[in-house]
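Inspection log for the structure reproduced underneath, given as structure tokens.
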Amino acid sequence: MTVPIAIIGTGIAGLSAAQALTSAGHQVHLFDKSRGSGGRMSSKRSDAGSLDMGAQYFTARDRRFATAVKQWQAQGHVSEWTPLLYNFHGGRLSPSPDEQVRWVGEPGMSAITRAMRGDLPVSFSCRITDVFRGEQHWNLLDAEGENHGPFSHVIIATPAPQATALLAAAPKLASVVAGVKMDPTWAVALAFETPLQTPMQGCFVQDSPLDWLARNRSKPGRDDTLDSWVLHATSQWSRQNLDASREQVIEHLHGAFAELIDCAMPAPVFSLAHRWLYARPAGSHEWGALSDADLGIYVCGDWCLSGRVEGAWLSGQEAARRLLEHLQ
């Protein structure tokens with residue numbers, strides 16, 4: 001019997017590792033506490049259509065990742081997004097075009113991880129609470145007390161604070177990962193029946209509780225019945241208001257949006273708030289991935305590199321590369 005490799009987390013990093021390992025002929029089994037794949041790359045189904053509440057777009061600078069993106073494009077899972085960009089600074093809103101190529105999943109960010117997952121075996125709504133090693137193999141324990149295993153190796157592909165809690169069997173790794181701080185982000189979606197009278201489709205914001213806003217319907221393949229917008233608060237504001245109610249967050253960020261936009265703003269017909277507790281790493285690292293190859297445990301995620309989507313994908317590739325190298 002072939003003993004599979006366990007991968008905890010079905011965001012870009014975990015799925016990138018899974019693809020690399022299955023391409024090399026290995027069996028994997030994925031676990032995720034959510035109901036679907038994607039992590040911060042997931043889209044939220046709502047009365048206002050599919051909303052990208054997490055990652056807004058991504059770029060491809062590394063040659064290997066750019067090749068993967070071109071494959072996704074050929075398969076119809078991603079498209080270029082060319083928004084009319086603005087900048088808000090010192091109380092002034094001004095056009096801010098640039099040459100950056102931006103990619104989005106189509107018809108939502110979830111399309112990418114759904115395609116990457118394919119028909120790989122996965123246990124959703126399964127929160128792993130303990131990772132422990134027997135004489136030969138690894139086993140996982142979930143929040144319901146159910147045991148999963150055996151597994152030959154374990155890859156943990158979650159935000160750093162969640163990974164730390166699963167590394168009791170690898171104290172050296174745990175101490176490194178425990179030092180990684182991640183910043184929160186409050187995200188709010190607002191939808192309007194009548195489109196806002198502004199050409200703006202994306203905006204980088206300074207001197208405000210807001211950090212970024214995007215006109216969701218301007219992305220390829222999105223539902224355009226309503227004029228939906230996604231607002232991201234700054235890490236600082238999000239941390240200061242971490243335990244605020246969703247209603248308070250919506251009210252405050254809606255107000256900040258109304259202050260910066262250059263047109264009248266009616267009352268939204270739909271609003272939604274989501275708190276990303278671990279939205280992005282507070283600093284960048286150059287680890288690629290972390291591992292204790294002798295134990296057979298590996299850790300990857302965007303926080304091992306740049307904190308970007310590309311960083312997550314590359315980190316998953318690196319975790320798989322190290323595992324395969326050790327098997328040789």
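Note: Cβ is positioned from N, Cα and C throughout, glycine not excepted.
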Further substrate ligand in Swiss-Prot, beside TYR57, PHE58, THR59, ALA60, ARG61, SER96, PRO97, ASP98, THR185, within candidate set ARG246, ARG308, ARG321: ARG308
Site-mate of ALA13, ASP32, LYS33, GLN56, TYR57, ILE128, ASP302, VAL309 for FAD in Swiss-Prot, selected among ARG40, ARG63: ARG40
Of the binding-site residues listed as TYR57, THR59, ARG61, PRO97, THR185, the one whose CA lies nearest the CA of LYS33 (FAD binding site): THR185
Cα-Cα distance linking VAL309 (FAD binding site) and PRO97 (substrate binding site), given in Å to the nearest integer: 22
Candidate with sparsest Cβ neighbourhood (10 Å radius) among THR59, ARG61, the listed binding-site residues: ARG61
Top Cα neighbour of ILE128 (FAD binding site) in the set of binding-site residues THR59, ARG61, THR185: THR185
Least buried by Cβ count (within 10 Å) of the binding-site residues ALA13, ILE128, VAL309: ILE128
Integer Å distance between the CA atoms belonging to ALA13 (FAD binding site) and THR59 (substrate binding site): 16
Spatial separation of THR185 (substrate binding site) from VAL309 (FAD binding site) - C-alpha basis, Å: 16
